[in-house]
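Engineer: Heads up, here are the entries from Swiss-Prot:
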ACT_SITE  D304  active site, proton acceptor
BINDING   K20, S21, R25, S162, S163, Q164, S190, D304, K331  3-phosphoshikimate binding site
BINDING   K20, G90, R117, Q164, R335, R376  phosphoenolpyruvate binding site
Amino acid sequence: MIVSVSRSSISGTVCAPPSKSYTHRAVLITALSDSGCVHRPLISADTRATISACDAFGADVKLRGDSLEIQGVSGAPRTPENVIDVLNSGTTLRFMSAVAALTDGAVLTGDSSIRSRPNGPLLKALNELGAEAFSIRGNDRAPLVIRGRLRGGSTSLDGSVSSQFLSALLIACPLSSGETTISIKGELKSRPYAEMTLDILRKAGAEICTDGDIFRMRGGQSYRLAEYTVPGDFSSASYPLAAAALAGSATVEGLFPSRQGDSAIVDILREMGAEVSWDMESGEVRVSGADLRGREIDASQTPDLVPTLAVLGAVAEGRTVIKNAEHVRHKETDRIHAMAVELKKMGANIRERPDGLEIDGGDLHGADLHGYHDHRIVMALTLAGIVAGDTRIDTAESVDVSYPGFFEDMRRLGANVRAST
C-alpha cells in the first residue's frame, strides 16, 4: 500500500491505542497461568502472532468483545505440533523461544526481517540454563530450534542489543525446575521494557529479586493473573503528539502513568519548545505546536521514539543529536540508516553516527519515500509528509504491526492522508 500525504494542519482529539508491549506480556503471562482475562488488548499483527503462539503452546485464547479470555497452561506449556511462525514480531520470537525451553522442543521462524535479527545472547543463555538452543543456519538468526528443559543455574546477558532477551528469561525461568541468576553485562538498553515485564510478573505473583543488574528467581513458581487492563501506548501516541507539535495542536486520551519509557515524549516535546500538558488523573496529554528547538537526546531507553525524534530534529531550529541508540540498528530494519536516507530525500541536513543521528533543522520538501516494511518508519515519515506536503510512502500497510488505526486517527486530526494499492 502507498500512502500520499499533503501538507496539513492538525487539531482535535484521539484515543491512544492499547500498549503493544503490555499486550504481549499480559497475554503470555496469563496464558502461562491457570486462566484469566486481558481487557482492552491491542489486536494487531504483532500481538496476533503472540496469541497464535500461545495457542500453539496449549493455551486457548478467545477474543470476546474488548477482552481476551484465556484458558492457560498452568505453567506447563505443551510441545507445539507445528513450526511457530512469529511473522514480523521480534518480541514474539524472543519470548516464545524461552517458553519453548519449558517443553520438549519447538522450531520458531518468521519473515525475512525476523530472519535477519540477532538472537545470540538469548541462545547462549538458554544453553547455559539447561536447554538446547541453536540457529538452523548457524548464524544466531531464525529459524531457531529450542529443546528443553530449563533447569536453572547462572547466566549473563549482553545488555547492549535488546532487553527482550532479559524479559524472555524473566518470564520463563520462574517456571523452570531450579533457581536462576541472570547478570547483565554492560548497559541494559531499553531498561523500561524489562521493568514493564517485572511489573506484570509481580502482579501475577512471581517472586523475582533484583540487585542492580542481577536478577534472581527460584524455580517451581506459578502465575495467577485473573484480570489485567492494558494501558494506552506512549510509543504509538508519540505520532499524534509529535504531529501536533509540528503542525497544530491535539489531545490524546488514555495515557496514564505506567512503566513505559516512551512517556519521555512528553518531556522531549516540552524541552523542544512545544506547549505540553499532561493530566495524569484523566490520562489526557495536550500538545500545541510552537517553533521547535533542536537538542541532544539520549535514546538508550526510548529506542522506539528514534524515528519520530529524527523528524522533529529535521524541522526544529538548530542542531539535534540523537545518541546512545545503536541498538535501534537491530529492529525491523536499521532505523538509524533508514531515517537518514529517507529524510535526505526530503532535503534534511542529517548525518549518521554509529550510535544515532546528527541533524541540522531546516525546511523539508515532498518526496517519494520507502517505508522499509517497518511500521515506525512509515508512521514517522507520515509526520514529515504532513509538514512537507506532496509525499508518498510505500509499504504503508506495515502500520498494522502496532497501530492499525494510525491513518484513520491522522485523518481524524485533519491530516490529508490518502491510501492506494
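For all residues, glycine too, the Cβ spot is worked out from N, Cα and C.
As the structure is a computational prediction, the values presented were derived from the model and not from experiment.
Are these features on the surface or tucked inside, and what touches them?
Structural biologist: A sphere of 10 angstroms centred on the C-beta of D304 (active site, proton acceptor) encloses 26 other C-beta atoms. In the three-state DSSP reading, D304 (active site, proton acceptor) counts as helix.
DSSP gives Q164 (phosphoenolpyruvate binding site) a helix state.
Listed in sequence order, G90, L93, R141, A142, H330, K331 are the same-chain residues six or more apart from R117 (phosphoenolpyruvate binding site) with CB atoms under 8 A from its CB.
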Engineer: Given the 3-phosphoshikimate binding site residues K20, S21, R25, S162, S163, Q164, S190, D304, K331 in the record, what is the largest Cα to Cα distance, rounded to whole Å?
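Structural biologist: The 3-phosphoshikimate-binding residues span at most 19 Å between Cα atoms.
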Engineer: Quick one: of Q164, R335, R376, which binding-site residues lie within 10 angstroms of S190 (3-phosphoshikimate binding site), measuring between C-alpha atoms? Sequence order, please.
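Structural biologist: If one measures from the Cα of S190 (3-phosphoshikimate binding site), the binding-site residues that come within 10 Å are Q164.
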Engineer: In which DSSP state, out of helix, strand and coil, do we find R376 (phosphoenolpyruvate binding site)?
Structural biologist: helix
Engineer: My understanding is the cutoff is Cβ-Cβ under 8 Å with a sequence separation of 6 or more in the same chain; which residues meet that for R335 (phosphoenolpyruvate binding site)?
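Structural biologist: Correct list: V306, P307, V328, R329, D374, R376, I377.
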Engineer: Can you check which residues sit near Q164 (phosphoenolpyruvate binding site), meaning Cβ under 8 Å from its Cβ, same chain, 6 or more apart in sequence, and list them in order?
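Structural biologist: Counting only residues 6 or more apart in sequence, the Cβ neighbours of Q164 (phosphoenolpyruvate binding site) under 8 Å are G90, T91, R94, F95, L122, Y193.
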Engineer: Can you tell me the CA-to-CA distance separating K20 (3-phosphoshikimate binding site) and D304 (active site, proton acceptor), as a whole number of Å?
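Structural biologist: Cα of K20 (3-phosphoshikimate binding site) to Cα of D304 (active site, proton acceptor) measures 12 Å after rounding.
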